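Annotation comment: TrEMBL describes 106-312, 401-591 as domain 'ABC transmembrane type-1'. Taken from TrEMBL, the feature region 'Disordered' applies to 1-31. Taken from TrEMBL, the feature transmembrane segment covers 53-74, 106-129, 141-165, 185-206, 238-259, 293-311, 338-364, 405-427, 439-461, 467-487, 532-550, 570-594.
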């Protein structure tokens, strides 16, 4: 006869013999374990709070406008104030792309984009090569020339060149007639539009290719030179092939910028009947009142820009052209011999065409006695600053100037703060959403500004916030379109700073916010100020994104310049442009000074 005894394995300390607690232990963990898990969950939730806040901000800034553009493109109606209902589903809005006007606008955009991309690449890359690799004199001047036109808005450049090269009374045509050559320049043409866009997008090509030329491994060129390669063959067989990724990336970027540009195409294209996709969208929205058709074209333009942007990233990120290694490297200076002064002369000519002549045309038009002249000598008749003073004393100019300053300051401050949050979440936290938020922050690069402005109008009209008709809506639009530039600037500064300093402060008991306030922000002060000034300059220049969200009370200088020119007030628009350029120049100089101070601060002292 056997007796069944309770198993020792089922007994636990503190339990009665013979009781089985194994099942209870498996199904109901001890209370301390549940508390520990709850605390971990709360800690993880707190860790995601900054990501959540940033995600909400980016949703309303970027994602919501995109959603409403897509909805409008596939609907029979558009959102109304306080009402997000947009009608039934339809494909008919894309049919406008197959009309003669739609096809012609696509062809015009491709022609202008390709032409301006090639021209800006030729100018920018050649200037970059001269400044980075040759022994040309005045190299500091050449470098400044490469970036200076970036601070002159393309809107102002187009206005100035319409004064200089108008086929009837352009200053240059009158000058050519005065010296007996005969004026035949016509800026209102495909060539004129490509010329102006090429001038003012060349700095983008310059910046992208300058770093490639300046960091190129000199050993390959030295080897070719030792084996008897001439200067031309050396450039053709070694230097140029090694620069293909940078050159291709610059060309694609300039093509994209030119294709989605609105002000230059509007000012120089409308008089000649040359309509591109952005100007076609503007006409459908503002003139023909066909917003759903405009949304259909906007989707097509966005898809094209996204495809080209993706292609640019693929080209730029190619690895088989890598020549910079861990070994110390100093680029070889190429002697130009008798071409030294020719290279400097090329840079001087570009500076004259992009800066000197346009600013001079604005000065003479704003202060001259006559807007339209028949002889070149009439340009100097009755020259007086009183007309400029009278123009800037008008009420609409003063209101627009004040609106521009307020809008740009607010957008710069908000953009810098949001860019800092995005960079901090991406590089200083373990948030799983960091990479996704980074991609959303960079998304406006692939969306034409006119298109994003449409989406902001429709998206914010449906929200229960009374922002339409206020400067706040312009600030929102400006922050959204300039988000990628702010994020890149802040990220570069944050990546240069070691995160161990902040982490050490947290480990010693300082809160995260206090560590940011006392350590991170002071160390990033120069980078933050540089970003603030960059966004301030971009905000002052902004026009395309706010075309559909401004009112008569919230009009800014860029809008006032554009509409004054459209209404035939050439002298007034020239006067406004001069003040416009002066404001941007002040901010640009301040940005350069801050950048030089930062560079000096980082250089080790001997």
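Placement of Cβ uses the backbone N, Cα and C atoms for every residue, glycine included.
Note that the structure is predicted; figures quoted are calculated from it, not measured.
Sequence-distant contacts of the transmembrane segment (293-311) (same chain, six or more residues past either end, CB-CB distance under 8 Å): 69-70, 72-73, 78, 93-97, 102, 105-106, 109, 252, 255-256, 259-260, 277-278, 280-281, 284-285, 445-448, 450-451, 454. Of the candidate ranges 53-74, 141-165, 405-427, 141-165 has the most C-beta pairs within less than 8 angstroms of the transmembrane segment (570-594).
Count of Cβ pairs under 8 Å against the transmembrane segment (141-165): among 106-129, 185-206, 238-259, 439-461, 532-550, the largest is for 185-206. Only pairs six or more apart in sequence are counted, and the transmembrane segment (238-259) with the transmembrane segment (185-206) gives three or more Cβ pairs under 8 Å, enough to call it a contact.
Remote same-chain partners of the transmembrane segment (439-461), defined as residues 6 or more beyond its termini with a Cβ less than 8 Å from a stretch Cβ, comprise 55, 58, 60, 62-69, 72, 78-82, 260, 262, 278, 281-282, 285, 291, 294-295, 298, 301-302, 305-306, 309-310, 419, 422, 467-468, 473, 476-477, 480-484, 487, 542, 544-549. Only residues 6 or more beyond the boundaries of the transmembrane segment (405-427), in the same chain, are considered here, and those with a CB under 8 A from a CB of the stretch are 50-51, 53-54, 57-58, 61, 433-435, 437-438, 441, 471, 474-475, 478-479, 482-483, 486-487, 489-491, 494-495, 499, 516, 520, 524, 528, 531-533, 535-536, 539-540, 542, 554, 556, 583.
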